[in-house]
Amino acid sequence: MNYPHEFDVIVVGGGHAGTEAALAAARSGAKTLLLTHNIETLGQMSCNPSIGGIGKGHLVKEVDALGGAMAIATDEAGIQFRILNSSKGPAVRATRAQADRVLYRKAIRHRLENQENLWLFQQSVEDLIVEGDKVVGAVTQIGLKFRGRAVVLTAGTFLNGLIHVGLQHYSGGRAGDPPANSLGQRLKELKLPQGRLKTGTPPRIDGRTINYSVLEEQPGDLDPIPVFSFMGSAALHPRQLPCWITHTNERTHDIIRGGLDRSPMYSGVIEGIGPRYCPSIEDKIHRFADKPSHQIFLEPEGLDTHEVYPNGVSTSLPFDVQYELIHSLPGLEHAHILRPGYAIEYDYFDPRGLKSSLETKAISGLFFAGQINGTTGYEEAAAQGLLAGINAARYASDREAWVPRRDEAYLGVLVDDLVTRGVTEPYRMFTSRAEYRLSLREDNADLRLTEIGRELGLVDDIRWDVFNRKRDAIQAEVQRLQSTWVNPRLLPEEPAQALLGKAIEREYALADLLKRPNISYEALMQARNGAGELLAGPGLLGDDVLAEQVEIQIKYAGYIERQRDEVQKHVVHEQQAIPADIDYDAVSSLSFEVRQKLKTHRPETVGQAARISGVTPAAVSLLLIHLKRLHYGKRAI
């Protein structure tokens with residue numbers, strides 16, 4: 001039957017991409033339907049119980065700045081928080097949290113069930129309704145037809161999913177869930193370019209059978225306690241737990257080597273390529289054969305469970321080998337395995353077949369987000385889901401898509417990398433992928449994106465008010481420090497020596513003093529003048545977030561300004577559109593190889609064309625000349 005109501009946006013899948021897509025579309029004002037095979041697993045953390053990390057935490061902060069759910073849900077569910085790279089510069093510092101799986105799922109479901117314009121329905125999707133080259137709905141396993149103006153597909157690892165444990169394999173979307181084989185077959189019929197990828201997960205351990213006395217404890221950060229959401233606070237955090245560290249040894253490695261002949265990876269059973277930066281334990285032992293030991297993190301899965309996730313031993317080895325290797329680890333000699341580790345192969349679609357909006361080029365109104373695009377990780381999925389949800393809603397209401405630039409957000413870097421370069425292995429975000437990372441920091445994600453989110457209809461009044469007060473306070477303090485001056489009379493030799501390590505010989509703005517590498521904002525605010533009074537006043541002391549932002553903006557002002565100038569030089573051609581119907585064969589001055597690459601990838605902008613492997617700067621110049629001729633030719637007509 002046909003469902004009696006139509007929707008603007010239909011989201012298929014309730015993982016990290018699907019939930020953010022549904023929330024974003026609904027917040028944008030679109031009548032949205034989220035279809036999931038099981039409402040109980042909405043927001044499920046299928047693999048590791050953690051959110052964030054280098055590059056990944058930046059994406060989570062950006063999703064949050066645009067009104068998304070992942071960061072605040074992590075604050076409500078996080079049982080350990082840490083800042084990675086805390087001793088390095090602000091551009092590469094990153095937040096990471098261990099999360100209670102049950103609390104996280106509960107936090108996400110609460111937001112889904114209380115979001116206006118959003119309907120939930122439990123049914124697996126087996127088919128898409130496509131009319132001509134346009135998607136108009138989805139069909140569930142009982143033949144129920146839902147019609148909508150746009151469809152966002154976030155199928156994760158479910159498309160023709162195949163689970164491997166040793167040389168045994170069976171169909172599944174993840175352990176305990178059926179695959180989406182019918183939908184996978186339907187997508188193949190649409191002639192979308194596709195391939196196979198692989199990911200894996202470790203066996204889970206009963207924490208009551210671990211000997212913690214021989215392990216190294218790894219507590220979370222306490223001063224200050226990190227917070228993920230710009231709307232969050234440490235008061236939201238549940239009880240905190242430590243993680244623990246153990247190591248592999250030569251016996252572990254011998255056990256693994258002895259089982260490689262029954263490994264689906266090394267016996268040729270698995271076709272898909274796995275994530276480079278999250279390799280299986282057998283892959284690590286094989287690739288780094290000279291390394292005598294590998295670190296393993298034992299991560300608690302939640303407050304009300306004894307289950308422990310051994311991060312670092314993802315494996316698809318036979319269970320008897322898994323059993324032996326786990327028991328070879330210090331502290332785990334008598335550990336009970338609750339669930340076996342496994343690898344899963346699944347279909348993905350070449351993201352070069354997508355527009356930058358994440359709409360497929362072949363089928364109008366069909367958007368892809370998450371692992372279906374060849375990425376790995378909850379954070380990458382959530383970011384894509386948010387963007388796909390925004391643009392599906394805009395498509396449904398005949399509005400222009402929003403696409404962040406590489407200099408605006410890690411989300412812009414992520415999408416541009418995918419649609420321009422494609423993937424040959426699961427894509428993971430790192431700060432090193434962003435050429436403008438000094439400007440794209442975790443700490444300023446809201447200052448970069450919340451105003452845009454407000455314009456897109458994603459940011460509610462409460463968040464908008466909090467953001468405005470924060471932004472105004474930072475701007476006022478920066479201006480005060482830039483316009484307040486001190487001279488040798490106000491700061492005589494003795495207090496100057498205490499603050500600066502030497503006397504000042506002329507007048508300085510407080511901002512100039514703060515730019516010095518050995519001066520912190522806190523030290524400047526606590527400095528006294530010759531009369532024993534505060535030199536700069538209390539300022540924003542007491543609010544670590546605002547104080548940090550003021551210090552970063554002033555200390556890095558010169559570097560950021562140079563980067564801004566660099567962006568301005570590139571942005572003119574970066575965003576210059578290339579007509580969808582351009583005839584590259586008419587650009588005879590381009591080499592045959594370059595013309596073939598451009599015809600294959602069909603870049604949307606000159607910036608995208610420039611990042612295609614093999615397209616040289618000289619070729620870009622020739623393309624610009626041709627586009628200029630086309631422009632003037634149209635004007636003449």
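Cβ coordinates come from backbone N, Cα and C, glycine included.
His16 (FAD binding site) falls within a helix when secondary structure is assigned with DSSP. Annotation comment: Swiss-Prot describes Gly13, Gly14, Gly15, His16, Ala17, Gly18 as FAD binding site, evidence class sequence analysis.
All protein chains included, Ser280 (NAD(+) binding site) registers 26 other Cβ atoms within 10 Å of its own Cβ. In the three-state DSSP scheme, Ser280 (NAD(+) binding site) is classed as coil. Here Swiss-Prot flags 274-288 as NAD(+) binding site, drawing on sequence analysis.
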Entries of Arg276, Cys278, Ser280, Glu282 which, being binding-site residues, have CA atoms within 10 angstroms of Gly15 (FAD binding site): none
For His286 (NAD(+) binding site): DSSP state (helix, strand, coil): helix
Cβ packing number for Ala17 (FAD binding site), 10 Å threshold: 34
Residue from Cys278, Glu282, Lys284 whose C-alpha is spatially nearest that of Gly18 (FAD binding site), among the binding-site residues: Cys278
FAD site, defined by Gly13, Gly14, Gly15, His16, Ala17, Gly18: further same-chain residues with Cβ within 8 Å of the Cβ centre: Val11, Thr19, Glu20, Ala21, Thr36, Gly43, Thr154, Gly156, Ala369, Gly370, Ala381, Gly385
C-beta crowding around His286 (NAD(+) binding site), within 10 angstroms: 17
Sparsest-packed of the listed binding-site residues (Gly15, Gly18, Gly274) - C-beta count within 10 angstroms: Gly274
